[in-house]
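Below is one structure, written out as structure tokens, with a few remarks after it.
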Amino acid sequence: SVGFKAGVKEYKLTYYTPEYETKDTDILAAFRVTPQPGVPPEEAGAAVAAESSTGTWTTVWTDGLTSLDRYKGRCYHIEPVPGEEDQYIAYVAYPLDLFEEGSVTNMFTSIVGNVFGFKALRALRLEDLRIPVAYVKTFQGPPHGIQVERDKLNKYGRPLLGCTIKPKLGLSAKNYGRAVYECLRGGLDFTKDDENVNSQPFMRWRDRFLFCTEALFKAQVETGEIKGHYLNATAGTCEEMMKRAVFARELGVPIIMHDYLTGGFTANTTLAHYCRDNGLLLHIHRAMHAVIDRQKNHGMHFRVLAKGLRMSGGDHIHAGTVVGKLEGERDITLGFVDLLRDDFIEKDRSRGIYFTQDWVSLPGVIPVASGGIHVXHMPALTEIFGDDSVLQXGGGTLXXPWGNAPXAVANRVALX
């Protein structure tokens, strides 16, 4: 006479539904699943769907109070990964109702929150997400986007040039400002705070903001071009971050920056809204990304983090370089670069794009090529990244034999 039978039951009975037709409003995910030996792929795929939506390990009486069919994630397709033994791509569909509108934080909590520690899996990697139009529309997205940025800066038909001020830690604010001035005066469009420059004892944020702004306006007057310096507003609390953003706006600078993974999506979205309301461009650095995306069997691919950023909001984002690496990586990098910029992306597995994604006019993000690049890489970079990009040379500019300004000139000349 018991109402239901308790006990551990197989996930695939409920959560593996190969006959399911995906809806336009579903969020779709592609997971690379490596099951433990002896666990069938359907069970592993279903376990992922369950654990990241409504499931728990047993039947509970409260299940009877909701409509599982309406709210459960479903594993609707599984395919083996060619060339890998016992590894599969599991496709999972999540009903839209499982997610809070306009919250990238909640989306990631739901999809990747728990399931990665799951015992039945040796490893799990989220390869791609398809964000439905209905969900995209609940996000503001990037504060301005590519076209508005070009209009603000009055720079057209070429990539933008930047450089990170080195040595990244240890300069006083005044010398830091001097380095900024030299680079901008020499012909770069932007200079950048390093991602770990926040507000340390040797240079407090306010002093840095003031000296960099002075350098920026001086270079602007002398060159007749609009210049920018990414003032890093990342801080220990959201309130402190906003205080820095407000101060930047009062100084009248064009752009600030944020480390969106260490700072968190919640802080980032708040900042992006502020930037749109106050006409600031927002440059995004991806510090910590390799912790999440480096392993090919476990974690999340960077294209997922990039999609999350476009929803949360940012006008530039770092996207690696591709120069001098393998050909295959090049296609994949190009895949997520286009994913950031274009309004519509076709499914293309060779470029790592598992789903067709329609961004319905959400503004685009400019990819930033940075990390170990210098003048000689320019032709390759422009070929790969095209015009809508920021090419960021760090040590490769400042370490040039005659100092920053000539090297900045060299970068500008090489570009043209």
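Numbers here mean position along the shown chain, with the first residue as 1.
The backbone N, Cα and C atoms fix where each Cβ goes, and this holds for glycine too.
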> Of Arg204, Arg206, Arg286, which one shares the substrate site with Asn114, Thr164, Lys168, His318, Ser370 in Swiss-Prot?
Replying inline: Arg286
> For Ser370 (substrate binding site), what is the secondary structure by DSSP, using just helix, strand and coil?
Replying inline: strand
>> Please identify, among the recorded positions Lys192, His285, Arg286, the one with the smallest Cα-Cα distance to Lys166 (active site, proton acceptor).
In response: Lys192
>> Rank the binding-site residues Asn114, Thr164, Ser370 by how many other Cβ atoms lie within 10 Å of each Cβ and give me the one with the fewest.
In response: Asn114
>> With DSSP assignments reduced to helix, strand and coil, which class does Lys166 (active site, proton acceptor) get?
In response: coil
> When DSSP states are folded down to helix, strand and coil, where does His318 (substrate binding site) land?
Replying inline: strand
> Would you say which of the binding-site residues Asp194, Glu195 has the most Cβ atoms within 10 Å of its own Cβ?
Replying inline: Glu195
>> Quick check: which same-chain residues outside Lys192, Asp194, Glu195 lie with their CB within 8 A of the centre of the Mg(2+) site CB atoms?
In response: Thr164, Ile165, Lys168, Asp193, Asn196, Val197, Tyr230, Asn232, Met257, His285
